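*Asks:* Below, the features straight out of TrEMBL:
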type	residues	note
COILED	83-148	coiled coil
DOMAIN	17-76	domain 'Mnd1 HTH'
DOMAIN	152-205	domain 'Leucine zipper with capping helix'
Amino acid sequence: MTSKKRGLSLEDKRKGMMEIFYEKKDFFQLKELEKIAPKEKGIVQGTVKDVLQSLVDDGMVDTDKIGTSVYFWAFPSKATNTKKQKLMQLENSSQEAKKLRANVEAKLAKKKTGQQDEEKREKLQVELKKAQEKNTALKSSLKEFHELDPDELEKLKSESQVSLEAANRWTDNIFAVKSWCKSKFFIEENQLNKAFGIPDELDYL
């Protein structure tokens with residue numbers, strides 16, 4: 001028993017239809033192609049119209065109405081130009097994709113820099129808080145032990161001064177970071193204070 005012959009795929013039909021145009025180098029009406037295509041290329045007559053329309057939609061076959069009749073045609077040069085146009089479109093799409101990728105990478109790098117600045121700011125805040133707490137504790141000790149012997153009192157004063165200077169250095173650093181953020185991102189100072197939890201009354205000790 002012989003197996004049933006498999007029908008042509010859509011791509012085979014499209015290829016066969018284009019061969020008709022290239023081989024005959026002529027203009028055809030639909031009814032003419034419906035006779036030629038089945039006989040010469042094995043394309044089922046009922047599918048000729050759909051195959052032809054798909055080629056027109058893809059710009060591979062030209063069509064125009066002359067009088068009351070609609071004609072179809074295609075020449076090898078048309079296919080070459082179409083392929084060139086598609087190649088140019090692909091190249092343009094590739095360039096756009098490269099630009100998009102570069103843009104995304106730049107934004108990611110900028111975001112990473114912003115995260116590093118945020119980490120630096122948080123570290124400054126922690127260090128400032130520690131310095132302020134130590135200075136407050138030392139000041140309290142000075143009040144409690146103001147009657148200590150002169151050497152001990154001088155030692156406490158010296159430690160307090162060191163802590164005070166450290167606190168003021170970190171305060172200076174925070175002011176510098178705030179100034180940098182305002183100039184770079186055009187953010188108001190009160191917005192920066194609110195966003196990063198910096199007291200409005202922050203000042204040198």
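Don't overthink the numbers, they just go from 1 along the chain as shown.
Cβ from N, Cα, C; glycine included.
Note: TrEMBL annotation is automatic and uncurated.
Please go over these features one by one and say how buried each is and what sits next to it.
*Replies:* Over the coiled coil (83-148) the predicted model carries a mean pLDDT of 70.
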*Asks:* For the domain 'Mnd1 HTH' (17-76), jot down how many residues DSSP puts in helix, in strand and in coil.
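*Replies:* Helix, strand and coil residues of the domain 'Mnd1 HTH' (17-76) number 34 helix, 11 strand, 15 coil.
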